[in-house]
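Colleague: Below you'll find the structure I mean.
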Amino acid sequence: MTLLVTNIKELLQVREQNILKVSGSEMKELPTIKNAWLLIENDKIADFGTMKNMPKITADQTIDATGKIVLPTWCDSHTHIVYAGNREQEFADRINGLSYEEIANRGGGILNSVKTLQDTSEEEVYEQSAKRLKEVMKLGTGAVEIKSGYGLTEKAELKMLRVIKKLRENYDLPVKSTFLGAHAIPKEYKNDPDAYMDLVINEILPKVAKEGLAEYIDIFCEKGYFSIKDTHRLLSAAKEHGLKPKIHVNQFNSIGGVKVGVEHEALSVDHLEVMNDEDIEVLKGTRTMPVALPSCSLFLSIPYTPARKILDAELPLALATDFNPGSTPSGNMNLVVSLACIKMKMTPEEAINAATINGAYAMDLSETHGSITKGKMANFMITKEIPSFTFLPYAFGTNSIDSVYINGKLI
């Protein structure tokens, strides 16, 4: 099956095969081809170029993209798409003045979702989660990471991870799985959090690894949740089981989470709303990808990740949604890209790089996804007729996506 897209107004994120991420000042550059064509063979990108120099090609299907822009699908490297129910009451509570911490102390927050998840069948959790996955795919997401973390018992955590596995089996986009048993301390362990860490490390983690249910390990390294000591313990144990770290750090406080992530060669450190100079220095020269989650900052009215500080230090940066029922009930990467420009002062070029090639890197996918590169998977989207790619983040409330292709097939 061959698909030819012609008369493309601008083809974005055109890269050579050896580019796996972009950092600092490199992120200001977004390689493009104007008045372009793109050839897909089966599920991969076969060739591309300018219309002026297009050879004679016989394709099974041809699409005229006059006035439209083509770019890789978004790579969302941090989500909690698998959950049950919603938490709209807490949304109202926050409007009425309660903080994230106060809601958690009243039995809301993560523990609210935990109870709902535990009480919901695996089949129902799958059905609810599949709807969300289909929704974000229609919005242009072509690769996604999904975490557990609303189970907090062996049975419920394994249930979540099996749902993630089923989503991966039933949908064509890459679905990466992360074990986040250390998301919050269950009520029954409130007075003995070390015992809960023992459960996660000694009981649940070995079963997750044995069943091959996760590629990554995560922990909410934050005051009131899990300490630096806890993080060291868990990441050390996970390494023995072959799970790479991708961890929550610096959402509300800088307590050394970035440093411990780097020490354990984390693939990514995520959130980073609170960053000091030491955190920036620790990341220099490492392979760890900083990941910002601006729609979480929007929803919770908390600071935004200091993107300019990160990029001016010549570090890379990825963008993701943090899609979850409590702090970001949205998986819209288009909004994330807009917020990065509006609230984090990233240029459109920087934001698109962060949401494509760098997002792919933060999931170990940039060799196969995240750019228009010969031989990569044909995960791309075609916009509606728009004046330029800057219109994507500029028109923040408009759905400018016309069609989305995963593995060369229209979804």
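Positions of Cβ are set from backbone N, Cα and C atoms, glycine also.
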Colleague: In Swiss-Prot, HIS78, HIS80, HIS248 are given as binding Fe(3+), so which of ASP192, ASP312, ASP322 is in that site too?
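Modeller: When Swiss-Prot describes the Fe(3+) site, the candidate it includes is ASP322.
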Colleague: Per Swiss-Prot, which one of TYR126, TYR150 shares the N-formimidoyl-L-glutamate site with ASN324, GLY326?
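Modeller: For N-formimidoyl-L-glutamate, Swiss-Prot names ASN324, GLY326; of TYR126, TYR150, the listed one is TYR150.
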Colleague: Name the one residue among ARG87, ARG106 that Swiss-Prot lists for the same 4-imidazolone-5-propanoate site as TYR150, HIS183, GLN251, SER327.
Modeller: ARG87
Colleague: Which ones, of the binding-site residues HIS78, HIS248, ASP322, GLY326, have a Cα no more than 10 Å from the Cα of TYR150 (4-imidazolone-5-propanoate binding site)?
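Modeller: Of HIS78, HIS248, ASP322, GLY326, within range: none.
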Colleague: I'd like to know which of the binding-site residues HIS78, HIS80, HIS248, ASP322, ASN324, GLY326 sit within 10 A of HIS183 (4-imidazolone-5-propanoate binding site) at the Cα level.
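Modeller: Neighbours among binding-site residues, in sequence order: HIS248.
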Colleague: Are any of HIS80, HIS248, GLN251 (the binding-site residues) within 10 Å of ASN324 (N-formimidoyl-L-glutamate binding site) when you go C-alpha to C-alpha, and if so which?
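Modeller: Final answer, ordered: HIS80.
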Colleague: Let me make sure I understand the structure: which of the binding-site residues listed (HIS78, HIS80, ARG87, HIS248) has the fewest other Cβ atoms within 10 A of its Cβ?
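Modeller: Checked HIS78, HIS80, ARG87, HIS248; of these binding-site residues, fewest Cβ neighbours within 10 Å: ARG87.
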